[in-house]
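J.: After the structure tokens below, expect a handful of questions from me.
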């Protein structure tokens with residue numbers, strides 16, 4: 001197997017706050033090959049965004065402690081000096097963010113912001129950079145790109161702004177694009193267009209894509225591999241099809257069951273996961289999800305489950321034996337209740 | 001934009017008219033010495049005083065006096081006569097303008113440069129010793145009254161009474177056209193004294209705004225692009241944080257051009273502020289009117305300039 005483009009090993013990020021040390025990311029490992037796509041899914045506070053920002057050093061400060069490794073093209077992003085890391089930012093790895101309006105500088109023209117990104121990594125003459133910026137806008141599907149260079153962000157629609165952000169991210173042909181909730185602030189119809197665009201660009205430019213989202217629908221459309229995060233850790237990682245057809249972790253079951261179904265009766269109640277994620281300051285003993293898990297056993301509250309790899313290369317962190325979990329999902333998928341599934345898990349049925 | 005400016009200019013005229021009516025009314029409502037007696041001077045006979053009263057329409061109603069005043073301005077460009085100096089108000093005011101411009105513009109350059117520099121450094125090195133020291137000093141600077149600071153400066157550094165005689169003291173003002181070096185020497189203490197409070201205020205203002213701006217999403221984008229931190233701070237952060245400074249600067253400079261009263265008095269500089277102060281002391285109506293109108297003109301003008309500059313600085317702002 002070739003060396004992955006980016007290999008994150010045991011990455012931890014914690015913040016010193018007045019209330020205590022917040023462990024936002026707690027020993028996360030994943031990797032991505034050139035041109036592949038990985039979805040990182042989790043609810044707010046699961047550490048998915050902090051992890052992405054940390055790869056580019058954007059969480060560095062006197063109050064942040066980062067440990068672990070993130071090997072990108074032979075060098076470690078975690079221990080890298082500020083100057084070398086700046087050379088990676090935007091050139092090796094580019095990033096786009098949730099709200100394109102607040103992420104673009106309100107006082108500068110869109111074209112100038114793209115030109116600035118180009119010139120940050122090369123001595124490109126202004127004229128050449130401007131022509132390249134127009135090409136980039138055309139590449140992300142903005143009509144009349146030459147004229148649009150002179151527009152200000154507030155003159156763009158939400159979808160166009162995110163396209164402009166993507167154009168800016170592509171300006172130095174990065175090998176990896178990290179998209180942090182790229183469609184959350186957009187209209188539903190525009191969301192689909194942006195996701196299609198990201199998927200197309202990944203294939204055409206052979207650029208790896210890490211897509212960070214709370215929305216399983218987003219990963220279904222764009223990701224090949226999916227990592228599910230909970231309370232700063234990965235609890236399951238599967239190829240996207242398997243994640244939806246045979247999810248392994250009770251938290252993933254909960255996420256999938258909470259998606260409303262179009263086929264059910266209109267007044268059907270939604271199925272939320274009860275409770276809230278645990279505090280990241282004082283992590284409970286045992287499995288962090290045990291408090292909210294319908295299948296938790298006594299051992300779950302005592303022992304922290306390890307992220308174990310199955311024979312087919314998937315990973316999950318749960319103390320309940322793999323075979324019993326695999327038997328339980330069909331019951332839930334067929335519309336069964338958690339009580340039905342619990343009988344399967346316990347082996348009483 | 002042009003239509004917007006034209007409309008604002010029209011409003012300027014209306015406002016200045018209102019300002020001078022109000023000044024007139026205040027002058028007549030508040031007790032003061034009889035202007036005719038003042039104009040006549042000492043040992044004038046009652047007959048002379050009555051003549052003067054008639055000549056300057058002081059025996060007419062308030063409304064008639066107002067209409068004479070405005071007719072004079074509109075038809076002849078005549079802003080009236082100073083009773084005390086026996087000179088046209090316009091001439092007096094313009095002769096005092098260079099001194100006030102010297103004080104205000106010099107101090108403005110000083111406080112803008114130092115305030116902005118200190119503000120940026122404090123924001124970037126937040127919570128450092130440097131930040132804490134400069135911000136404590138700034139608090140002192142904002143709190144110290146200008147006249148007190150002026151007296152301290154004279155006591156320490158004036159070349160006549162100072163402990164360390166370095167710069168020109170009170171009353172050393174020379175017009176720049178006559179002796180530029182003497183002018184500069186006489187201006188240094190007033191500039192510094194006047195600039196201290198403004199610089200302190202500007203540095204605290206910019207520090208606060210810049211700290212807020214540096215937490216914005218577009219700053220994160222600028223860093224994610226791989227820009228050097230210096231560019232991120234100066235080109236992206238300061239560019240966005242500078243707008244309130246521009247507003248404050250325009251208004252402060254406009255107000256000062258109408259007369260830096262305290263500094264001009266402490267340092268005995270013959271500017272508009274001193275002129276207005278003397279005019280009030282002597283109940284010199286038309287001179288008061290003249291200085292008030294000039295101050296109003298600068299304040300209103302500064303507001304207009306600030307609004308126009310703002311539209312240029314922030315492309316989201318558009319006037320119609």
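Glycine too: its Cβ is placed from the backbone N, Cα and C atoms.
Remember, TrEMBL labels are computer predictions, not curated facts.
Feature annotation from TrEMBL assigns domain 'ABC transmembrane type-1' to B:97-310. As annotated by TrEMBL, transmembrane segment applies to B:9-30, B:101-124, B:136-158, B:182-202, B:240-267, B:287-313.
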J.: Test of understanding: applying the rule of at least three C-beta pairs under 8 Å (pairs 6 or more apart in sequence), is the transmembrane segment (B:182-202) touching the transmembrane segment (B:101-124)?
T.: yes
J.: Which residues of the chain, 6 or more past the ends of the transmembrane segment (B:287-313), have a CB below 8 A from one of its CBs?
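T.: Distal contacts: 1, 5, 8-9, 12, 15-16, 19-20, 23-24, 27, 69, 79-80, 82-85, 89-90, 92-93, 97, 242-243, 246-247, 250-251, 253-255, 257-259, 272, 275-276, 279-280, 319.
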J.: By Cβ distance under 8 Å, which residues at least 6 away from the ends of the transmembrane segment (B:182-202) in the same chain are close to it?
T.: 102-104, 106-108, 110-112, 114-116, 118-119, 137-142, 144, 146, 149-150, 153-154, 157-158, 167-169, 172-176, 245, 248-249, 252, 256, 260, 263-264, 266-267, 269
J.: Checking distant contacts: for the transmembrane segment (B:136-158), what same-chain residues at least six beyond its ends satisfy Cβ-Cβ under 8 A?
T.: 118, 164-170, 189-190, 192-194, 196-197, 199-201, 203-204, 262-263, 265-267
